[in-house]
Structure formats: structure tokens, C-alpha cells
Amino acid sequence: MESVTMPNYSYVFKFEKDFDNFEKRQWMKENWIISFYYIGAYMLVIYGGQLYMQTRPRFELKIPLFIWNVFLALFSIWGAYRSAPELLYVLNQFGFRYSVCIPGPSFLDNRVGGFWNWMFTLSKVPELGDTVFIVLRKQPLIFLHWYHHVTVLLYAWYSYSDYIATARWFVCMNYLVHSAMYSYYALKALKFRVPRWIAMSITTAQLAQMVMGAAVNIWAYQVKQAGNECHVSYDNIKISLLMYTSYFVLFARFFRRAYVVNPKQTGSQPPKKGQESLAYEGKSTKGKLE
């Protein structure tokens, strides 16, 4: 494998410098199955919570929701800021194929990239808290929302110990999109009237993320089929491609219903002016997506 130097970071924090990639990979290899327990607890909480809230008034939770989304927005922004330099460096120095197939410094020498890949993987657990707010506020819980949370958590934990090169794309794209998404949610929590085009732009970015994720998997598959080096297994490619394809279909379906088709044609109610939301939050169609 070609040796590469690390991208130039203006400053490396001590917790990044001390990060042990190998130790964390070994831990995840032995313990990734724990993610199923998190999912089991998650499903019990959200559906048990819905039953509990059926006869009770909704909670407003304006300030807690704002704080929650600000925290996740800042985390995602910082994660993108620390992850993007490595992806851009590899693309610039070695090209697209290398970025898809060779893990390089992100997992070996570059402890900064390794640390933020680890943080991304772990963050899929607290992000399940998004659904708790939906349940307590008695908002529609659409299939896309909980399906996305469940599958991303399982896939991220399963893939971490596999040393996959495609992760540099998946992690960076997710950080970038979540930076905008959670910032949007924070503003909505304070009842700001965010322009409709912003919601549309974020959903479009989510769709683009799914297209790019599928493209990365297809490219990796073609490289392996040609007999060339590519650090991702066929099983991982198939699972990831299936996930990204299903996400694209679900996000596209939402986009069409929320922004393109006349509500009378779908039987859903249009969102009130200034109250449009994202597919992930599941508010703008008043629960009709199910």
C-alpha cells in the first residue's frame, strides 16, 4: 500500500494526539453486538412512550430541545471541520479511487481523523434521543425517522472494526449534512420562521448524500471486481448500498410529497406557511406519510 503523509492540521488537541486507533478497533470488534441492545431499548422506549403519551398532554420542551439541537449542531460542525481536511487532502493528492479504496492516514497515522471517526460511531447512540423529543411532544413518528436511526447505528458499529476505506466519505458527508440539519432544528425549536427554501435545500443535500454514498459503494465494487486493492468487503458494500438506496427512496418520497406534488393529490395536508420541516423530523405532512 502506498504510504501517505498526514494532512496538515493547524493544531492537534491532546485527546486527539493520544487517541489509539488500534485499541478502539479491537474493542468494537469484540463489542459491536452491543448496538443491538441499544436498538432493542430504543424501540421499547419509543413505542412504550407513545402508548404512555396517548392519554397525556404533549410536552413543549422548547429550551431542552433547543439545547439538544445546538449541542448536536456544534458537534457535527466540529466533526466536519476535523474530518474534511483528510478527505480533501487525499482527493487532491491521490484522487477519487484512492479516497474510496485506501484507508490511509485517517485510520493509521492520522489520530485526528481516527478520533473523529470514533466519535461519529459513538454519536449514533445519543442521537437516538431525537426520537424521545418527538414522542414526548406527540409529533408524528414517521418510518423514515426511526428506520434511519436504527440502521445507521447498526451499520456504523458493525463497520468500524472492519477498517473500511469508504468510511471517510460516509463520515464526512454525515457530519456536513448534520451540521445544517441540527442548526435548522435549533432555530425551529425557538419558533423561528425559517424560509422554506432552506428546508428544501437541506433535504436536497440529504438526497445528494444518498446518491454519493451509493456511488462510492458502486465504485468500490467495480475496483474489487477488477482485482485491484480496495479495503472494504463485498458484504459491507452490499449492506451499505442497500441502506443508501432505501434512504434515497424514502427521502425522495418525502421531498415529492412535501415540496412537489399538490397536497390534494396525495391526500395530505400542506404545511402552514413558515412551518415546513424536514423529512427526518416528520412534521410537515402531519403524519400522513405513514
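Heads up, the Cβ atoms here are built off N, Cα and C, so glycines get one too.
These come from TrEMBL:
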TRANSMEM  32-53  transmembrane segment
TRANSMEM  65-81  transmembrane segment
TRANSMEM  143-160  transmembrane segment
TRANSMEM  166-185  transmembrane segment
TRANSMEM  197-219  transmembrane segment
TRANSMEM  239-255  transmembrane segment
REGION    264-290  region 'Disordered'
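Only sequence-distant pairs (6 or more apart) were considered; of these, fewer than three Cβ pairs between the transmembrane segment (239-255) and the transmembrane segment (65-81) are under 8 A, so the stretches are not in contact. Of the candidate ranges 32-53, 65-81, 143-160, 197-219, 65-81 contributes the most Cβ pairs within a distance under 8 Å of the transmembrane segment (166-185). Within the same chain, residues 24-25, 28, 32, 34-36, 38-39, 42-43, 46, 117-118, 120-121, 124-125, 127-128, 130-131, 134, 167, 236, 239-240, 243, 246-247, 250-251, 254, 279-282, 289-290 sit at least 6 positions outside the transmembrane segment (143-160) and bring their C-beta atoms closer than 8 Å to a C-beta of that stretch.
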